[in-house]
Amino acid sequence: MLINLSAVWAAFALSGVLAPPTWPASIDELEDLMFLNTGYHARGFSAGVTPCSFSQQGPSRVASAEWVRTAFHDMATGNSFTGVGGLDASIVFELGGKGGENIGAGFNTTLETYTPFFSTRSSMADLIALGVYTAVRSCGGPVVQVRTGRIDATARGPIGVPQPENSQGTFINQFTRMGFNVSDMIAVTACGHTMGGVHASNFPQIVVPGSAPNDFQLFDSTVSFDEKVAVDFVGGVAGNPLTSTTAKRSQRDADMKVFTADRNVTIKALADQVTFRSTCARVLQKMIEVVPSGVNLTAPIAPYEVKPGRLQLSLASNGSTIAFTGEIRVRTTSRPVTSISKVELVYKDRTGGSSCGSCIITTEYKGTAEGFDDSFAFYGFEARFPVETAISKFNVRVVLNTGETVVYNNNDEEDDNRLIISQKVRKNANTGSVKLSVTTKTPRSCCVTPALTTQSVPMSPQTTVGPYTLYAGNLTLAAAYRSNAKFDVSLTSGGAVISDSFKNTADLSSTCAPFGSNDPTMPDYTFDGCYTDTPESRALTSAAFVKENMTIAACSSLCKGYQFFGLEYGTECYCGDTRSNSSMQAPKSECNQPCGGDSSETCGAGYRIAIYKDDKWVPITSPQIPGYNYTGCYSDSPSNRTLSGSFTYNEKMTVELCASFCNGTKYFGVEYFSECYCGANMFPGSTIQPESDCGFFFSANKTQHCGGSNRINIYTKLDM
């Protein structure tokens, strides 16, 4: 595997509470997960608890409550006096058998939901903490500040999770061990029990089977995060299963014991909305900050005002130039995107000078993303520099429609407050040793979550291109890991380590070629014609991309795996296996707009798309699953799932793997790259859709389709 060695780095430090962070920082991955819920580059961490009452597991489950409960159970065995235990993801190892102190399927489900986001930069313990913020905000609750830096346990922790049959004195002693006084014990219990409820299958002495819908009794009558649980208790309103006469008979009326521990003083105060929200924000943050001694938490995560992303330095033009690509994310919470005229990078060359002239890199608008409380706009760029001058640092300049200019300098009071970008490895430099490290998620038999396994190999110099030396390293990966592993390239010299880290193996080419090869290659596609196209009825609907430097070859690469690709308006690229019947052929002369990246080529025009066909395309067929027929592409939605039985998410998902997971159910279906659903019945409102709507590929298998956005491929069991 040939690795382009480029390191983009900067020193970082977190300052006071909620101060603007300095990029890059240890929080960067979790900051994205926390704030990019929907839209462009959305991470989707909040999808599992959106809306508040939602659960992939069906109507008797509330994922938001399960996320909060998982954090409490993980933390609850901690000892604030000895510094042992706390929120350290030891719960991963504590779910064997019947669950012990952790009864119910919600813990495994929660950990499985977090697994796709688990990485070297987002520990499982930090994800559990982030889950509390996400679940509470999704349900309309207050902001629970999240500090990061938790270290995952490697074995089960001590016992000591509070159980409903405990006495009031035992509860007080257990919470004292955790670091909570009596008032905070009452508050954190009420804040945790404002969502969710009790399952009869888990606690039949508390909820008698058959006595509640779906054998699931809620703590109060609302699904949102509110003070209702406290209001009901103070007002004597029945409903909370942990204060009921049924629970009292078996001495499992846990909320009654806890709420009355200070003669109702705290629970009465919590019946006030303002008090409830402010108190819950405080005690839930306190809960997720019970950590083992030796763990140093960062300042609370705050959103960047301006955040660079996807930065890459690459040799180009046979080593005569350096290409610099990336994106700038601008926070638009208090400054709408419509007020921004342009975003620019103002840079210095290698020596810190301005021999580049104006030294400005322009950007183009890419899209917007939203979180619970913030919004963001993304601006992409691509620039090239002579290798002799290159680039060393830059500021970000935001120009508003009013003419006002705001310059962001990364909080660096020294060196003109600019981001620092390292040089490439020059052949006259003392390079020291270069190493390639690849991290994969390795399944383990003990737990539902994988382990992170890192393999490292030395890289050796291969050739020189201009003033640079190229290095290569070879490391074998199983096919299942090739599309979702992370890799780092590090240079150690004179005791200092510079690394280009947390890169996706999915971004690498599937084949290696000598750098600067000029061997002619024949394209694998032919021109299919010029066609009409409109935003309301696209000719190709499976995928879409916009690049300012678009070319025919670039669009072909972006649409690899699809039968057709098409170019429009100079910079737009569309993909699909079928062409819409609403798109009519037009004269070739009407597809006359030059491509943004090569003016000698044409890339469609306004409402005209130049379509090409992949000559080596192999039709994607639904695999034959013994005992099942492929039924078709159906509509689906998070609020009314087509199949509402079991669910699993797996980055290695295939049709065969989903069939195995569903284990003989009448229906199973695949959707949205990696999702698998099972069910005995189909939702009546789900309707058959065009096959082109189910044009997504599996994340790790480009030979099978995996539904689409709100579209699911359904397989039906044969009548025997």
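Note: Cβ is positioned from N, Cα and C throughout, glycine not excepted.
A quick note: this is a predicted structure, and the numbers were derived from the prediction, not measured.
Summarising the annotation, Swiss-Prot assigns domain 'WSC 1' to 524-615 and lists sequence analysis as the type of evidence. Per Swiss-Prot, domain 'WSC 2' is recorded for 627-718. Here Swiss-Prot flags N4, N108, N181, N264, N296, N474, N549, N581, N629, N640, N663, N701 (among others) as N-linked glycosylation site. Among the features that Swiss-Prot reports, signal peptide is placed at 1-24.
Taking the features listed in Swiss-Prot, we show where each one sits on the structure.
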residue	record	DSSP (3 states)
N108	N-linked glycosylation site	helix
N181	N-linked glycosylation site	coil
N264	N-linked glycosylation site	coil
N296	N-linked glycosylation site	coil
N549	N-linked glycosylation site	coil
N581	N-linked glycosylation site	coil
N629	N-linked glycosylation site	strand
N640	N-linked glycosylation site	coil
N663	N-linked glycosylation site	coil
N701	N-linked glycosylation site	strand
### Message
If I restrict to non-local contacts, at least six residues apart, and a C-beta distance under 8 angstroms, what lies near N296 (N-linked glycosylation site) in its own chain?
### Response
G149
### N549 (N-linked glycosylation site): tally of other CB atoms within 10 A of its CB
13
### Summary
Counting other C-beta atoms within 10 angstroms, the emptiest spot among the glycosylation sites N181, N663 is N663
### Query
In whole Å, how far is N181 (N-linked glycosylation site) from N663 (N-linked glycosylation site) when you measure between their Cα atoms?
48
#### Entry: Rounded Cα-Cα span from N108 (N-linked glycosylation site) to N181 (N-linked glycosylation site), Å
30
### Assigned conformation of N474 (N-linked glycosylation site) - DSSP reduced to three states
coil
### Task
Measure from the Cα of N108 (N-linked glycosylation site) to the Cα of every one of the glycosylation sites N264, N581, N629, N701, then give the nearest.
N701
### Task
Would you find the one among the glycosylation sites N264, N474, N581, N629, N701 whose Cβ has the most company, meaning other Cβ atoms within 10 Å?
N701
### Task
Could you state the whole-number distance in Å separating the C-alpha atoms of N701 (N-linked glycosylation site) and N549 (N-linked glycosylation site)?
29
### Query
Between 0 and 100, where does the mean pLDDT of the domain 'WSC 1' (524-615) sit?
88
### Message
DSSP on the domain 'WSC 1' (524-615): how many residues come out helix, how many strand, how many coil?
### Response
10 helix, 39 strand, 43 coil
### Message
Considering Cα atoms only, can you say which of N264, N474, N549, N581, N629 is the nearest neighbour of N640 (N-linked glycosylation site) among these glycosylation sites?
### Response
N629
